[in-house]
Amino acid sequence: MTDIHNHKILILDFGSQYTQLIARRVRELGVFCEIFPHDVAADFIKNYQAKGIILSGGPESVYDSDVKAPEIVFELGVPVLGICYGMQTMVMQHGGEVKGADQSEFGKAIINILNSTNNIFSNMEHEQLVWMSHSDKVTQTGEHFEIIASSTNAPVAAVAHKNKPFFGVQFHPETTHTENGKQIIENFVVNICGCDTLWNIENIIENDIKEIKQKVGTDKVILGLSGGVDSSVVAAILHQAIGDQLTCIFVDTGLLRLNEGDQVMQVFAEHMDINVIRINAKNRFLDALRGICDPEQKRKIIGKLFVDIFDEEAAKIENAKWLAQGTIYSDVIESAGNNQSKAHVIKSHHNVGGLPKEMKLKLLEPLRELFKDEVRKLGLGLGLPYNMLYRHPFPGPGLGVRILGEIKKEYVETLQKADAIFTEELYKHNLYHDVSQAFGVFLPVKSVGVVGDQRRYEYVIALRAVVSIDFMTATWANLPYDFLSLVSNRIVNEVKQVSRVVYDVTGKPPGTIEWE
């Protein structure tokens, strides 16, 4: 079998918010790549055997920082592409000069390609729309580099080494705003580095199954199945690899979407014939959450109880040696903090390092190398339903953070019904995949309404729908008024505990996507 990691690109991270985007663009071309901090050991870089190296952008200023690329990068003889800060430090380390720009440049710009012969601009038009994001600029390229593209505000918009396969761009080819950014990255990765496109779903499935079989042997494996994308794909790949050696534990918290527990059992236990143990823990969660109003406290209680129940059930499975988890590559990067990424750590992730200390199980993470979009494609390749893989994100605590304040059984049932109507109508009107996330929120306040001739004094449901690329920022979805009116009418008429429906028009920032 072909080694899908054989031809690979090493990405050194200088702290850019776009570093993961670079990796995703490379992988979309069918080439494996990994992200490591810029100051990783020289021996590691040497032994990594990359076909090429990409230096990411970053927030530092080259002329007042000691953050630079390791010299080994330029001694290996492999092609190098510096992006933004990566270009600046590469040029400076070769005798060039970088200074603060008179005017920072953030946004779209037109560059003129001056030389497209056998370089990153091969087979491209001379005028290109790109995305700039920089405060410094290269003012002198030095004796080793030549300018191969320029713009009005950045006379040195791209460079190439005169004798070695080193290239730099002042803009960001990895963003969708750079019109032909994919072509630039492909020219570097495939044409200049000579990488074979081995990284595809068929090869990944074959490779993963082989690795799982070798690692696990005849041992038993336990997986906490939530019905979310990651754990669902882990269940599917493990089932193909080891069959009935896998036991899934599905803890039904009672805080899932309407009928979600039954759907999980239908797909995995009935359709795929996977061994799934369903634990009905609804009452335990409601009891533990009684009287609790603080969002963070609710999250902690839900998280701890979930782990406790999982541990109880896992202990009943004899001779289990492995605990499988749905850790994906972005989790690994995000949670590694300063040991892995120079960007600020936003949060710790529940999937990484989550092995209970008292459990003497080895950790199995089949998706650890994959980004979310790759996980979804893998799931399709394994036969999982499209609607399961491309559902909107759902928080770990479930409806526990979509019911404001205290959680009661009545509130959960009311929200489940209202949320299901909203989702159903989004699908019916072909709007579901036009928005990034959509859901209902239960507000524990009552409002007067009139249904027929009867006065009704019941609860309020807020509808939330947003459009986002990365969920770091989001805009509220401008859904048609007729559609919102239809959803509102259905909820008020069909859910007796609701007398009023409102629509949230807050972006992120200043708001967050979830209400709690």
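Glycine is no exception: its Cβ is also placed from the backbone N, Cα and C atoms.
Annotation comment: Swiss-Prot describes Cys84 as active site, nucleophile, evidence class sequence analysis. What Swiss-Prot lists as active site is His172, Glu174. Residues annotated as ATP binding site in Swiss-Prot: Ser226, Gly227, Gly228, Val229, Asp230, Ser231, Ser232. Residues annotated as domain 'Glutamine amidotransferase type-1' in Swiss-Prot: 8-198. Per Swiss-Prot, the feature domain 'GMPS ATP-PPase' maps to 199-391; the stated evidence is sequence analysis.
When the recorded positions Cys84, Ser226, Gly227, Gly228, Ser232 are compared by Cα distance to His172 (active site), the shortest distance belongs to Cys84. Each of the recorded positions Glu174, Asp230 was assessed for Cβ neighbours inside 10 Å, and the highest tally belongs to Glu174. Within 10 Å of the C-beta atom of Val229 (ATP binding site) sit 22 other C-beta atoms, taking all shown protein chains into account. The Cβ centroid of Ser226, Gly227, Gly228, Val229, Asp230, Ser231, Ser232 marks the ATP site; residues of that chain outside this set whose Cβ lies within 8 Å of it are Leu225, Val233, Val234, Gly326, given in sequence order. Taking the Cα atom of each, Gly228 (ATP binding site) and Cys84 (active site, nucleophile) are about 37 angstrom apart.
Counting Cβ atoms from all protein chains shown, Ser232 (ATP binding site) has 27 others lying within 10 Å of its own Cβ. Cys84 (active site, nucleophile) is 37 Å away from Ser231 (ATP binding site) when you measure Cα to Cα. Considering only the recorded positions Glu174, Ser226, Gly227, Val229, Ser232, the residue listed as 'active site, nucleophile' has Glu174 as its nearest partner by CA-CA distance. Residue density at Gly228 (ATP binding site): 15 other Cβ atoms are found within 10 A of its Cβ, drawing on all protein chains shown.
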